[in-house]
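Q: Take this structure first; my questions come after.
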């Protein structure tokens, strides 16, 4: 590669625009000299649309300077040039800056003066194209000399990259294109850093990162336009079949090369790499090429055969570049030549008179579709017989008519066998016979039958006898006639030796080529010739006139035993003749003849074939013939003569010809001749002669060896040789044209004796892989036939080894150049090593059967094998499919392991353990395959496909048995024994969906969660979803449009109601949120389908014209979207939850219904009837869900039956009064022994709009039966309803453990650990429902929950709404608070149960606000209040007489804002805020700001309280888990507001007091307290009160009464009014301690007084003193024990203890929620050092 250097374009100066001014970034000075001044101009251009004012400062250094600074004013579009001067003093780099100042700021231009240096730059990296392994990719980049000096560079790089040029010289400003070549050898990502060294001493360097990706190219080979004989299957030998192709023609087939890779795929194609080049019949002109990625390329393969009737086979190797595998394409073709035949093989002219001539037609036909060249080997001008035309060309499937003429010259018998030479075909012979009579001579007439007899006589050796001798022998019985009339020698007259040498009885079938070459004119002859002439070819050479050449003597010999007559055919004008023309030759004698040549013209070429007929003298007269069978035809003698009359000084005319000569002789058997045909075509306008030059090889025979070719004619030459030796031998022969030594054509052909050998590719050794005893292994053994003959082979295995060794095929045929692969099979009988030696015999194919093989080749093969034992195993002994959907498919892989050293053939068995298979039904588990082979030390994956049809737990067992390929297995063979492999388990389930929680929003916000749960029939829905689907429901396993009607057919018997309740017209939509959960074990898909979702879309003309009322109602609901679901469908993984929003819009008055199909794919199908009611405004409406109500079952004999709740929902917009008619309850009481079975505690009451009223009932059964009562419920001013109340009483002693003690719906169980997230909600509770279950009365239950704020930037303010209860007390602590972003706030919910057994079902509501909106609301509210206060004292003078208002300048109000419109009070409506009804407002008024709409969080709480004795009887183990708080909340009448604590009331009072009043009160109290602190009299009064004596009533106290009261208080429940919570918590402990301190002191003093006299009298005795001390200690301990027991039994102590424990647990849980404590961490063990170790 030449270095490509070119001048680099000057880089444009980098400019920038700063505040509308365009200026360069830097100014450079290069090529400067010391002491000289250089000037550069700095251009400033104004690109803005206004005038710019610029100031500038001069450079700081003295080397750069400019003109005196002055302001610059630039108009738009004007450029100002500022000259800058540089004056260097030293050879170094100079840097400075020129600063400009504008109104917007300052900017600078760098000034740099650089020294001349070496600097080359190149790109940091170069990404070359993706390249295939073995291919080459190229890329270019520029190396720029940006320095000031001429620079010499050198590149350093590593493979597989090459760079050109590697060295070079770059002048300043020049650039050089560097060529990078990438030629990878591995398919990896290549990253190489190339370094360019340059500069002085090449110390400077520059690097470029060369990156390229190499991938393996792939090529897929396919056959284009396939034929039935082609084979193009993947993994098998591809065969391209050309079929039968005519010799000399070329057939073309195409193969497609497809490149599926992402890189170009270079390839090369080789045809027959192992075959001889000259013998290649197949070729491919595309030796190499490239297939672009993802494209196809067609390559042509050509077949041009030259050897007749041979099945040619070869291999085409397509080899991609790199590491891709080679594809070997087998090409097969058959060569066929022309099939030329004559109409008759004999033409009989009978007899004619001398001087006359006879002519007969004869057609020649070519039955093949290839062109045929033919020529009759006869000189028609010099013969009595002539054929016109004597040569020609036959097209395929063509026929030509020939004319045969007989014109005798003497009265004799004429017979000549003429050969028709055909190019690429054996010659065809034609027998011409006729008889000539004259007036004097009447020879016997020759007939075709005579020819048949003659050939039989020739085979029997009787033709050398004349007819008269044969007739005499026939008379003498020395000869006899056979059944065909031919003569034969009787076997009786032959001796034993003659019988052995007896000639054949029939004329043999002689190959045409052999008959043509062995005609007796040369040394080779099939039968000895009767007459011969020498020489048979005479060359007169140059005979220029006027000299007459000397005649050439000829010798004619008679080899018969009879006298013959020889007659030469001589035509007038022939330059050659023989004298004498007629002569007689005695038996076994010879005669001399002369050949004369007289050229008629000078400078001419002459060559003829002279003809003579020899016949027995006795046949000249037919009367001499007594037996017709003795008539013998004449013998035709030919003599070729040639010469020319050119003068030596004259040049012979140049021959113009073409010669079709093959390169090789055909393959033949050993000792057999090989023949070929050549085609010589005269393309010139003149005659052309040819002859075989004397210097030609002597081992070939050419017929004819000379001849004359007319212009445009052709000559067919046949050549023969006898191949000798296994090496190729070259045969050279020369053809001389026109008798001129200059015109010689050298023809080279090769031949060899084909070796009967096969090429073995395995060094005559075969090694078997280790084989399991009882099984078999195979080993391939390739064979190749390198010869050109088909060979047969046979393997001979000894009898003792046939049980262990076999080969397939053991005998076969292998075509020339064919590769075949044999398969050896090794079957060991025992665990040992085997060694075999087997022989193979090879011989030539195609030999006749039952013939002795002439030549065979023997090979010995060595085979080695080892027999071992092994077994099969599974990677997983227990394979679990897990949970699978019923009627669905799931697949898993069974991994089989073969850890042994031998291959195993196995068969798998599958047995189902459970459930049992009935009626031979197909198993629900299918194996991909049951048989296979496992290579040694490998694993195999078998696909298991499970298709369970029933919900059950399946189990299968897979066993295996090893297969043996033996016909007769050995006795100790373990093949066929079943062994367990692994166990398969599967659980078939249906999808299980459940409803966790429900929440109401919008107009349905007032409906309680429990009531909503029943409105939507969720208990029944959950029970339906838990059951298995029916087959009818699985008609459509997934949601499908299947109906053409407006009301689709229903395939499920399950129907439920989804009741949205009621709301007024145009109220906000009723929104219900349902929480769905996949409670099953498999993923599921669910969908809610409206009728339109199940309907198939039809054309307008196909739709129904009329609709009934139901269809119209459903169409109205769907078209107006009264009911909507979001989302309507979804997918849930196991355990996953999702919230679905149901919305009902109140657009039309009345009841709306819509059937919606709830479909779980592959599961249940439930029809949901959506029901919604819209009420007229100002109309009363109470929504009754049903006409019956079921009370919770209650045991009989319960003295304290629980209070139960019945709910009524007011769906209208006005309050309603309800009244329950209780007189029917009295009737039930009378019929039950005057016992109140049903009791209503609040039969009258008011229900606010959009709220739910709870009616308390007591159901007290006295018998174990069902009680029913129909109770009228009257809504004052509206309708009444008759509700049937039912209750079941049961005997707990009979039912035992199955007795229902509580009835908590699935809502209580499902939503405990679920958070129902409203869309768009950022605050949620850690738990949306609290289920306390069964608790005793008067118990205190607390739960710790968390309020989470998931917002990242919003603070949330929350406030819990107090919930008054008719019985019991519920509190939340804290009630109000803030939650910071992404923070969590804990709160405690406490339920204090009342003394009455009852059911608790309530909802606590927490309102959450965004703090930002709340602050804005308070600010706006404060402004509104100030404006309201201002407007209250402001008035407007409306006196029209006053025209001008005069203000004092100092007192005139300064109004910054316009007066706002007056504030008017709004009319208050007692309606729920959620409905947000539109109330008309006056536009001129300023409404009071409304608080922001809060977010609602609902916390459900359910519990059932039992009397203490019932709880102990049924839940004894749970009683210690509950705390009885001993204080009862104050009882409040129904409807009364809850009492407010002192602290809260104080807070409320303070909130109603103005700011001024607060300040005044604080000042007064401060003065009073400060005065008391300074008053000494107050201090003394306080001190005296502290030392005041005990009051007189303490004397009534004693120890027994105190103990008795303590026991009484601990055994009986004494209701004590509890103080407010905070006061009770603070002062609880102090009061009890102060109460019991005097009591303890008094008891202690009394004990000490009783012991004082004893101590005074016995003071001297130390023993008594010790006893007294011990007694004191014992008494002290007893007192302390009694004191502790008394304190622990106090209710106040129990409450304090419970409060402390509760507080501790809450603190721990809060810390755990914040991550400060890990409750699940393992306890730490600290190992202390031994005691003896010093610290």
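Including glycine, each Cβ sits where the backbone N, Cα and C put it.
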Q: Which one of these stretches, 15-38, 39-62, 63-86, shows up in TrEMBL as transmembrane segment?
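A: Residues 63-86 are the ones TrEMBL records as transmembrane segment.
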Q: By DSSP, how many residues in the domain 'CFAP65 seventh Ig-like' (764-834) are helix, how many strand, and how many coil?
A: 3 helix, 39 strand, 29 coil
Q: Please report, as numbers and ranges, the same-chain residues at least 6 past the borders of the transmembrane segment (63-86) whose CB is under 8 Å from any CB of it.
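A: Those are 21, 27, 29, 32, 37-57, 94, 96, 98, 111, 113, in sequence order.
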Q: Counting by DSSP, what is the helix, strand and coil composition of the domain 'CFAP65 tenth Ig-like' (1175-1293)?
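A: Final tally across the stretch: 10 helix, 57 strand, 52 coil.
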Q: Among 125-212, 764-834, 1175-1293, point out the range having the most Cβ pairs under 8 angstroms from the domain 'CFAP65 eight Ig-like' (870-987).
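A: Answer, by Cβ pair count: 764-834.
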Q: Under the DSSP assignment, what numbers of helix, strand and coil residues are found in the domain 'CFAP65 fourth Ig-like' (346-439)?
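A: The breakdown for the domain 'CFAP65 fourth Ig-like' (346-439) reads 3 helix, 62 strand, 29 coil.
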Q: I'd like to know the mean pLDDT over the domain 'HYDIN/VesB/CFA65-like Ig-like' (125-212).
A: 90
Q: Report the DSSP secondary-structure composition of the domain 'HYDIN/VesB/CFA65-like Ig-like' (125-212) as helix, strand and coil residue counts.
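A: Taking the domain 'HYDIN/VesB/CFA65-like Ig-like' (125-212) as a whole: 3 helix, 56 strand, 29 coil.
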